[in-house]
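Visitor: Sharing a structure below in structure tokens format, with a few things to ask.
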Amino acid sequence: MSTTPTGTPAARTTRPRLLRGLSWLVLRQHRTTLICLAALAVLGSLWIVYQRGRLIGLLDTAGWPEQDVALPVVGQQYSYLTLLLGSLPGVLAVFLGAPLIAADSEQGTAQLVTTQSVTRRRWLIAKLGWCFLITLAVCTTLSAFFTWWWTPYRSVLSDQWMDGTVFDNTGPVLPALALFLTAAGVTIGALLRRVLASMVVTFAFCVAAQVAWDVSREYLAPARRLTYPLDEELPARLSDAYELDSWIATADGQLYGWGTCVEATEKASAACIADTGIVSNVYEYLDYSQMAAMQWTAAGILLAGTALLTAFVLWRSSRRPL
Amino acid sequence: MADTSIPSGLPGAWALEARGLGKRYRRGWALRDCSFRLPAGRICGLVGPNGAGKSTLLGMTTRQVEPTEGELRIFGVAVGEASVMPRFAFLGQDKPLFKRFTVAETLRMGSELNPGWDMAAAERIVRSGDVPPHARVGTLSGGQRTRVAFALAFGKRPDLLLLDEPMSDLDPLARDEMSTLLMAEAVERGTTVVMSSHMLTELEDMCDYLLVLAGGRIRMAGDADALVPAHTLVTGVTRDGRLPAGLDGHTVIENRVQGRQFQAMVRPNGPLSGDWQTSEPSLEEVLLAHLRSPDAPPLYTPGARVGAEGTRTA
């Protein structure tokens, strides 16, 4: 239409523009959030490097792994760190995801942007794209650093690999969980269109999701079962395994509860064992070697959920205004 | 002025064309059976009481509201198509802007998001109001913010400019300044303007086309110059407390009886004769009469009504 060139006076475009169009708009609008998250990623990573260095120093002095060290070797800082990492997906969901669209709906800036020459869908793709990219970058960085620390020293660290503090904070799970919860926050924000309300609902959703996630984590891989003689100890290679259940069993495989023959005296117990014909222990567990597969399965499920929520938000935006 | 109402049959000759347009919310119809045409290059006033459907109509035009039925075209292009977006600009009632952006950044947003952006025009509008370019939008006064919003709208170089109560929150000085700016820019570029307003005087000064809505339906559409002369204000003496029979053949929009006297807004369907006084009403009187009487039959000037396929009998 107009033939006037966009950058008439020379002074205005002295600096070359790296970002254009919607990317510029989205990053300018969320500049403060972006800076905060970048700082969080950098400081968090440095903190992990520092703590890891201290742990190595401590273990070297103690002569580990030739000699045992007195546990716990890590102090309060380790708990703070796992707490920080564990709450990161929720924090991102509540403070980045929930207001992402809700704030623009509430302040009318959604209307401002979508009455320029961009469609709602293009604007949303830009917003969600950058939001997910930033979430992914921050969480992948922190997860990578934490994994790099935890994996070689896991035997001296207090928590087990199946604990949420490890399973959810290492490998691909941390970024995937953060993406899923953030996408849920975005969806809630797009539906409620009010910042405060969507932040509260997102927080409640995060708590509920975390509880459900804790329960369902052990179903991510098929359980393994080991039968070994009653009078033997559990094989040492299973010291890393996560116990799901254990029984005592007869020769033909009939299972009895763990406390079946717990009697007042040893004699009575032995009699009970002989009576029922119990000959072996049965141990049901998840092996540490299954962890990587379980984490990628978890990430796959969470990413599928993220894709579903994102598709819903985009589909809805083409039918209804924001 | 009827000649200007009927441009050639080119599809782009109508800035806005609605056929059987309707929007139903959960509470009921906000707008229904809305059919009209607005020729390009006119300044159109959108008038109606609160809840008449003005914002719904503007919302559908700016793709913020999805029509339940009917169709709406801007310069011949259906509003559902993305290619219509560069052709209109919208200034909402509360003129939302990013509060943390500076004025310069706000204008940059316009240039980043609009293909036909005219930075020189936008900067001229901002500069002529002495708005500091590096001030944050959140720190500006209401008048200055409106000016920035205007700059954003005009920088887009729209063919159709839609304004929802643009002056409502401005002091008289800023209001005057903005109307002057609006008229100057619109006339210079031949922009078609649709503005909703409560201020009837404001409309009388600025608009040469009117779209009157009440109760979700169109009451009047057409040239301001043709709508007013279609009405006559009749003052006379009542017969037995009722209007004289001589008015029966004409459309009485509204009548008021005071003692033995009556005053009626009449749309004559032929020569008016009788022992009463007639006078030409003002635009304001005609508008008020129509707004007060939602049951009066709607009036379209030639050209404002679209073909029968979209208009349903009410």
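Cβ atoms are placed via backbone N, Cα and C, with glycine included.
In TrEMBL, annotation is done automatically, which means it is predicted and not curated.
As listed in TrEMBL for this protein:
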TRANSMEM  A:32-50  transmembrane segment
TRANSMEM  A:78-103  transmembrane segment
TRANSMEM  A:124-150  transmembrane segment
TRANSMEM  A:170-188  transmembrane segment
TRANSMEM  A:195-213  transmembrane segment
TRANSMEM  A:293-315  transmembrane segment
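On this model, are these features tucked inside or out on the surface, and what's nearby?
Guide: Sequence-distant contacts of the transmembrane segment (A:32-50) (same chain, at least 6 residues past either end, Cβ-Cβ under 8 Å): 81, 84-85, 95-96, 134, 137-138, 141-142, 145-146, 148-149.
Long-range contacts of the transmembrane segment (A:78-103) within the same chain: residues 33, 37, 44, 47-48, 51, 109-110, 124, 127-128, 131, 134-135, 138-139, 142-143, 146, 157-159, 164-166, 168-169, 174, 177-178, 180-186, 188-190, 192-195, 197-199, 201-203, 205-207, 210, 313, 322, each at least 6 residues beyond the stretch ends and with a Cβ under 8 Å from a Cβ of the stretch.
Counting residues 6+ beyond its ends, the transmembrane segment (A:170-188) has Cβ neighbours under 8 Å at 85, 88-90, 92-94, 96-98, 100-102, 128, 131-132, 135-136, 138-140, 142-143, 146-147, 150-151, 198, 201-202, 205-206, 209, 213, 292, 295-296, 298-300, 302-303, 305-306, 309-310, 312-313 in the same chain.
Sequence-distant contacts of the transmembrane segment (A:195-213) (same chain, six or more residues past either end, CB-CB distance under 8 Å): 89-90, 93-95, 97-99, 102-103, 106, 164, 168, 177, 180-181, 184-185, 188-189.
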